[in-house]
Structures are given as structure tokens and as C-alpha cells.
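Engineer: Take a look at this one; I'll ask things after.
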Amino acid sequence: MNRIVIIGGGPAGYEAALVAAQHSADVTVVDADGIGGACVLYDCVPSKTFIASTGIRSDLRRASALGIEFDPKNVGVSVPQVHDRVKSLAQAQSSDIRARLQREGVRLLSGEGKLVDTAHGLATHKVQASLFNGEELILDAEVVLIATGSAPRILPTAQPDGERILTWRHLYDLEELPEHLIVVGSGVTGVEFVSAYTELGVKVTVVTSRDRVLPSEDADAAMVLEESLAERGVSLIKHARADAVERTDDGVTVKIHDGRTVTGSHALMTVGSVPNTGTLGLENVGIEVNSGGYIQVDRVSRTTVPGIYAAGDCTGLLPLASVAAMQGRIAMYHALGEGVNPIKLKTVASAIFTRPEIATVGVSQNAIDEGQVPARSVMLPLNTNPRAKMMGLRRGFVKIFCRPATGVVIGGVIVAPDASELILPIAMAVQNHLSVADLASTFSVYPSLSGSINEAARQLMRHDDLD
Ligand SMILES: Cc1cc2nc3c(=O)[nH]c(=O)nc-3n(C[C@H](O)[C@H](O)[C@H](O)COP(=O)(O)OP(=O)(O)OC[C@H]3O[C@@H](n4cnc5c(N)ncnc54)[C@H](O)[C@@H]3O)c2cc1C
Ligand SMILES: NC(=O)c1ccc[n+]([C@@H]2O[C@H](COP(=O)([O-])OP(=O)(O)OC[C@H]3O[C@@H](n4cnc5c(N)ncnc54)[C@H](O)[C@@H]3O)[C@@H](O)[C@H]2O)c1
């Protein structure tokens, strides 16, 4: 029987454990935060649960435009109830995953894991587990998976205190809504909270070092989001690198590199994450990390040391729960000698849970514009879609990219409510090499937002006929 030790119980670790247990391996997971990892307990699951509440308030605000009379001023937000729901749902999901792992026979240890091999190049490895109950165990393993995730990046001059200067992991402990929230950073994490807090009626200012929100995402999508946030009263301060955040008597001051200052009641730091690789004893086995502290892996999750794999945010490949889980599963299939397909990032679908949502899959507009990938594309505004008109939607679009000669779909972007759900047909087309003709000839429901996916594909087909 293979002895496998997994350090970290987030999506990378627990999905790997399930695969290994189903292949009759002897699996131990050592985890420091709780099964489900930061994903379930602090990051992805809590933020999406929070956003589920904040969205309801916006739906109510839009009701009058559709002829439903009601006074938005009478809508209250029970902050303790919203936060309790967030935390109890996260705990419940963690418990469910824990129970499933236990049913599959996985041994779960609560504590910190560290590699303690006495020399480099050994055939098997040793993991020291320092348990929170005070026990110290040394676990022998033929295979080790490092799946330790990442933690919020902290600026030394903006130390979070959990009261006024916050990371996203402090938010659900606040007793009241911030009066004026300054969000530092405009990446995916930042904009999701900017959108959510404005939906709750909180005044929000964004301080970003870049020239737009979502600098790494589709520019057309980012522009739609900027317009929508501006309409909801968000102030966006661009080209503004925050040097420091300080407490004042009644709030915070954010000091910007060029001398400007911004004051508010609270500051939320969303300036990225750092991998949890510093205390893992990597030097004891001869694994080197890159300049960002990430563990380098190949497409089947192998590190440079035989028998040691790494998966998820600690590898810096693509920090998404879905990718972490896939990397973890692939590591186990490979370690157990099963046939395995190396990970393909070109087919990963992801979404940004703002209002409107932004979902993407496959190649990006940037890669096409820079000439890295030849493609034809079409961008269809949603306001021509009958269902969108019925729903009173003013913004959003469907964009599809396809190969110039064959029309094979290679990517797409959707900006719409529930874009996270609407992206699936394009993701299926990308994954299965379907063409725009395949997409165009698939029946969609009339009327539906997904009808715009058919229509966009049809426009690319017409273009085909002219070639
Ligand atoms: C605010 C926010 C929202 C997000 N929303 C989404 C989303 O909507 N969709 C999506 O796909 N992704 C989302 N992500 C990204 C997603 O959360 C991560 O990609 C995912 O958590 C990575 O999983 P992981 O298993 O690598 O690590 P994690 O989930 O971070 O789990 C790692 C675990 O390892 C443990 N650990 C660390 N060091 C040790 C040690 N030495 N010994 C033992 N245990 C250790 C930690 O305690 C933790 O439990 C979001 C991220 C953030 C910050
Ligand atoms: N819905 C989702 O799937 C979801 C949600 C959240 C995060 N994530 C994952 O997490 C990854 C990381 O996202 P993120 O937003 O946490 O980090 P990020 O590194 O992508 O963004 C941080 C932003 O902060 C800015 N910044 C850094 N230092 C600054 C300073 N001193 N002053 C002002 N601005 C500063 C950077 O320019 C950058 O735009 C994403 O790429 C995504 O993969 C996914």
C-alpha cells in the first residue's frame, strides 16, 4: 500500500486525498486551519456567501424600474445575521468535507507539517506533524503532496489590526458596516468586495496602483465594471500606490506614493497573496522556491524532488480553487501510476463575482491583440437580447474567439448577471474543440441570455462564409 502524506487540507489537498483513498492508498492529511482550507473557511466560500446576501439588496433597488413599488430606504441590513450565515456556511462545508474524507478512510491530523528528511535524494520522505494537541509525530511517506495554499500579502507599513485596517479575512468579524471603506488594490479580490459593499449601500473608494480595475483581465469587461461602479458612486483613484495606512482617531488615512492622502473609516487591503512555503522545511529535501516564494511544478504537479508533489496556490500556477483541485488530483493519479492528462490552463473557466459578473475561458483578448494567437472575434452587446430587455439589463456582452480558418472556438468572455453560469457552453466548446457552427446550431431557449451565445457564434459563421 502506498503511504501518502498531504500537507494542507484545502481543495488541492482534500481532492488529492479523495483520489488517493479511492485507489486504496494509506493517506494522512496534516492541516493547520481546518479541512477545506483557506478556500472554504476564509476566502472563496465566505466571499461568495457574503455576495449572495449583498446581491439581494441590489435586486430590490432595481425593482421600481420594473414597476414594483417599494421604498429602498426601508430595506435594512442585519450585519450580524449576514456574517453569522457566512461563517456557519463555511464551517458546515468544512465539516461535510471532513466527514467525507473520514468515510473514505483518510487519517486527518490537526497541526503543522514540515519536511524533515535527514539528507537530500532519499527514496522515501519524513514529515514532522506538530499537532495542536501537543503531540509530535514523524510520518514516513513514499509520496508527499505539498498543498499549503497562500495568505494575504501584508504591507509592513499597513499592518492589519482587525478593527480598522483589514484583510478580507477580518471582514466577517465586523459588528457594523464600514461608513466609508477604502479598498487598496483593484485585482479580483478587491473588485469583488468593492462591488459587494456598494450593493450594501456603503461608500467605497478604491486606491489602485494601476490605470484601471482588473488590470489582468479583459479590458472591455473591466470598462463595463468601472462604469457600473462609478454609477453606484465608487471613487476610483488610479496610479496610486499606497505606501502606508495609518489609524486616526475615527478611522484611517491611506498615504499614496505621490503624497496624496485618502481618509475613510476602514481600509481593506487586497494587494495580493503570498504562498505558505516559508516554514515547510523545503531546504531539508532540496526544493528551491522562485523569487515569489512559489514551488515550481511541472504539468503533472511534480517538484524537482522525486516523490514530492505540490499543488494549488503554493505553486502560483493559477490561483483558483478549481485549478488547485485539478492539480491535486493529477498529482495523485501520477504518483499512483494511473494514466493522467497534464493540466491545460487554456481550458480553465473562471468568474469574477461582481455586478455584473465577468466570466472568461480560453485565450484572452490580450493574447490575440499581441499577435500570440491568430483569431477572429465578435463582441455582442447584451442590450440587443430580448431577455435582457425584459429584465431591464443595460450592460454586458458576449465575446467569442475562434480560429480564423476552422472556426474552432478558443475562448470567450461574458459580462452579465450570472455570467459564471452562462460561460459553460463556451467552456464546453473550448474543451471539446467545437466550432462556431456547432455553437450556432445548438438550440437555446427563447428568450434567454444564452441566445446571445448562439447569435455571436452565428455572426462568426457569417464571417466564415465570406472568407
Ligand atoms: C477573497 C478570495 C476569493 C476567492 N474566490 C474564488 C472563487 O470564487 N473561485 C475560485 O476558483 N477561487 C477563488 N479564490 C482562490 C481560491 O480560494 C484558492 O485558489 C484556493 O483556496 C487554493 O486552494 P489550496 O488548496 O491551494 O489552498 P488553501 O485553500 O489556502 O488551503 C491550504 C491549507 O493548507 C494549510 N497549511 C498551510 N501551511 C501548512 C502547514 N505547514 N502544515 C499544515 N497545513 C498547512 C492551511 O492552513 C490551509 O488550510 C479566492 C481567493 C480569495 C483570496
Ligand atoms: N472569483 C474568483 O475566482 C477569485 C476571487 C478572488 C481571488 N481570486 C484569485 O486570486 C488571485 C489574486 O487576486 P487578488 O486580487 O487577491 O490579487 P492580485 O495580485 O491579482 O491584485 C492585487 C492588486 O493590488 C494592486 N496593488 C498592489 N500593491 C498595491 C499598493 N501598495 N497600492 C495600491 N495597489 C496595489 C496590484 O496592482 C494588483 O492590481 C486572482 O488572480 C484569482 O486567481 C479568484
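Any Cβ shown, glycine's included, is placed from N, Cα and C.
Please treat TrEMBL annotations as automatic predictions, because they have not gone through curation.
As the structure is a computational prediction, the values presented were derived from the model and not from experiment.
Here TrEMBL flags 3-328 as domain 'FAD/NAD(P)-binding'. Sequence annotations record features per position, and here TrEMBL assigns disulfide bond to CYS39-CYS44. Under the heading NAD(+) binding site, TrEMBL lists GLY185, SER186, GLY187, VAL188, THR189, GLY190, VAL191, GLU192, GLY272. The domain 'Pyridine nucleotide-disulphide oxidoreductase dimerisation' annotation in TrEMBL covers 348-457.
Describe the structural context of each listed feature in the structure shown, including burial, neighbouring residues and relevant distances.
Structural biologist: Proximity of CYS39 (disulfide bond) to non-local residues of its own chain (separation of 6 or more, Cβ distance below 8 Å) is seen for GLY10, PRO11, VAL45, GLY149, ALA321, ALA324, given in sequence order.
DSSP assigns GLY185 (NAD(+) binding site) to coil in the three-state reduction, outside any helix or strand. The 10 Å shell around the Cβ of GLY185 (NAD(+) binding site) contains 23 further Cβ atoms across the protein chains shown.
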Engineer: Could you give me the DSSP helix, strand and coil counts for the domain 'Pyridine nucleotide-disulphide oxidoreductase dimerisation' (348-457)?
Structural biologist: 38 helix, 32 strand, 40 coil
Engineer: Give the sequence-ordered list of residues that share a chain with GLY272 (NAD(+) binding site), lie 6 or more positions from it, and have CB atoms under 8 Å from its CB.
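Structural biologist: Listed in sequence order: ARG153, GLY185, GLY187.
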Engineer: Highest Cβ count within 10 Å among the recorded positions CYS44, VAL191: which residue is it?
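Structural biologist: Output for this query is VAL191.
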Engineer: When you measure from the Cβ of THR189 (NAD(+) binding site), how many other Cβ atoms are you left with inside 10 Å?
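Structural biologist: THR189 (NAD(+) binding site) is surrounded by 23 other Cβ atoms within 10 Å.
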Engineer: Given the NAD(+) site residues GLY185, SER186, GLY187, VAL188, THR189, GLY190, VAL191, GLU192, GLY272, which other residues of that chain have a Cβ within 8 Å of the mean position of their Cβ atoms, reported in sequence order?
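Structural biologist: Here the non-site neighbours turn out to be VAL183, PHE193, LEU214, THR270.
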Engineer: Do me a favour and check the Cα-Cα span between CYS44 (disulfide bond) and THR189 (NAD(+) binding site); whole Å is fine.
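Structural biologist: Between the alpha carbons of CYS44 (disulfide bond) and THR189 (NAD(+) binding site) there are 9 Å.
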